[in-house]
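Features as listed in TrEMBL:
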type: DOMAIN; residues: 62-222; note: domain 'Sodium/calcium exchanger membrane region'
type: DOMAIN; residues: 293-435; note: domain 'Sodium/calcium exchanger membrane region'
type: REGION; residues: 257-277; note: region 'Disordered'
type: TRANSMEM; residues: 33-57; note: transmembrane segment
type: TRANSMEM; residues: 63-82; note: transmembrane segment
type: TRANSMEM; residues: 94-115; note: transmembrane segment
type: TRANSMEM; residues: 127-145; note: transmembrane segment
type: TRANSMEM; residues: 166-184; note: transmembrane segment
type: TRANSMEM; residues: 204-223; note: transmembrane segment
type: TRANSMEM; residues: 286-307; note: transmembrane segment
type: TRANSMEM; residues: 327-348; note: transmembrane segment
type: TRANSMEM; residues: 360-383; note: transmembrane segment
type: TRANSMEM; residues: 389-410; note: transmembrane segment
type: TRANSMEM; residues: 417-437; note: transmembrane segment
Amino acid sequence: MPFFPTLKRAATLMVIPESPIGKAPNTWSSIRAIILSSWLNVLLVFIPISWAVNFALPDQHTLIFIFTFLAIIPLAKLLAFATDELSIRVGQTLAGLLNATLGNAVELIVSIIALTKCELSIVQSSLLGSILSNLLLVLGMCFFAGGMRFSEQGFGQSAVQLNSSLLTISVIAVLLPGAFHMALQGQTDFNEALTDTEILQTSHGVAIILLFIYVSYLVFQLFSHKALYEDDHDDVLASKGYTGTNPWLRLRLRRRNDKPLNPTGDRGVANDTSGSHNSASEVVPYMNIPVCLGLLASVAVIVAVTAEFMVDSISGLTASGAISQEFVGVILLPIVGNAAEHVTAVTVSVKDKLTLSLGVAVGSSIQIALFVIPFTVTLGWILGKPLTLLFDPLQSVVLFLSVITVNYVVQDGKSNWLEGMILMCLYLIVCVTFWYYPGTTGIFPNC
């Protein structure tokens with residue numbers, strides 16, 4: 001059958017890196033690169049501090065939350081660093097998928113821990129907040145940062161419109177249970193317990209369908225239409241520089257202890273002087289594969305432990321009323337999980353690789369909407385936790401309006417700094433709204 005050779009050929013091309021890979025460093029050099037990878041590593045000191053405070057002062061919920069919050073930020077950055085090392089060894093499309101998948105690892109770990117502790121509102125608000133953070137804050141920062149270097153940046157319009165359609169489907173899946181609940185509330189024979197059961201069963205069915213859509217999306221992105229997600233596709237509009245003098249200070253991106261970035265945006269390169277390939281260049285990795293995989297595994301374990309302490313402290317933190325649980329879930333927790341994606345997406349947008357930026361920011365939102373949310377609903381089904389797709393009404397409305405806004409912004413296939421500013425300001429509006437929003441009660445049945 002011709003399908004399988006085609007699939008095999010596509011899979012082979014998918015793992016071929018864009019540039020030749022240089023010799024990987026030894027273990028000590030790899031560890032040294034991890035230590036010097038970011039100034040955020042100074043925050044790693046909060047890992048033992050947060051653990052110590054959790055065991056020594058278990059009633060100090062505010063301190064525990066602050067210290068665990070600060071501890072997870074550098075862990076997310078290390079996760080992004082390891083992901084970047086894996087990404088340079090594969091093709092661009094698979095690299096975008098890796099960045100989106102491992103970039104959501106923190107959110108997934110926090111959600112699973114909160115689910116096992118039956119903190120259902122935290123699960124929902126943190127996942128929806130991650131979508132909002134990626135769509136508004138991360139994407140806005142990409143457009144703004146790239147707009148300071150280019151007057152106008154182009155990206156793959158077909159791929160982005162498809163992604164917008166997928167986001168719209170996920171919004172419909174979130175809005176329908178709320179409409180279901182609202183429609184039955186007006187009836188004289190309304191039974192809350194029966195309605196909760198019906199919404200739970202509906203959510204289980206919808207979650208399975210969303211997972212199927214996500215698998216189909218992966219096949220489309222990685223095999224049948226992978227060219228749509230490449231920077232050199234025909235429908236990618238060319239970026240335009242400023243006429244005359246750039247009114248913004250030109251960004252000069254440098255890696256620590258590295259040479260300046262070359263015009264293509266690659267990081268470290270080593271010229272091949274063998275004679276016939278003088279113009280070729282290869283990307284020099286900072287870590288070898290065993291150290292990279294070990295970093296991913298160890299960071300995941302530490303994040304899981306630290307996130308458990310953080311989730312346990314949320315109830316005590318919000319009990320005083322100084323800060324609402326809605327704000328913690330929708331705004332603060334996504335900042336922790338998306339810190340790495342912020343850096344990755346903004347960095348490549350300045351290098352005029354906006355298609356890859358969209359693959360990280362919008363692709364991450366799609367992954368949360370079509371995989372992480374239905375996966376947690378399905379996992380709750382397996383664990384006997386009544387997690388549904390019935391979200392808080394205000395959260396559902398904000399998600400709907402945000403997706404509509406992003407659809408309008410990206411429909412022309414071009415971006416500029418003002419569009420980025422608009423998205424970031426909209427995110428600030430969302431932050432102010434949820435700071436004062438007390439949330440609703442009675443949405444979730446008892447575990």
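Keep in mind that glycine also has a Cβ here, set from the backbone N, Cα and C atoms.
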Same-chain residues at least 6 beyond the ends of the transmembrane segment (389-410) with a Cβ under 8 Å from one of its Cβ atoms are 121, 124-125, 128, 131-132, 135-136, 139, 143, 155, 157, 160-161, 164, 167-168, 171, 173-178, 180-181, 199, 202-203, 206-207, 326, 330, 358, 362, 373, 377, 419, 422-423, 426, 430, 433-434, 437, 439-440, 443
Margin query: Can you work out whether the transmembrane segment (166-184) touches the transmembrane segment (360-383), with the criterion being 3+ CB pairs under 8 Å where the paired residues are 6 or more apart along the chain?
Written below: yes
_Does the structure show the transmembrane segment (63-82) and the transmembrane segment (286-307) touching, where I'm treating 3 or more Cβ pairs under 8 angstroms (sequence separation 6 or more) as a contact?_
yes
Long-range Cβ contacts under 8 Å made by the transmembrane segment (286-307), restricted to residues 6 or more beyond its ends, are 24-27, 30-31, 33-34, 37, 47, 50-51, 68, 71-72, 75-76, 78-79, 81-83, 85-86, 89, 102, 105-106, 109-110, 113, 268
Comparing 127-145, 204-223, 327-348, 360-383 for Cβ pairs under 8 Å with the transmembrane segment (417-437), the winner is 127-145
Checked against DSSP, the composition of the domain 'Sodium/calcium exchanger membrane region' (293-435) is 120 helix, 2 strand, 21 coil
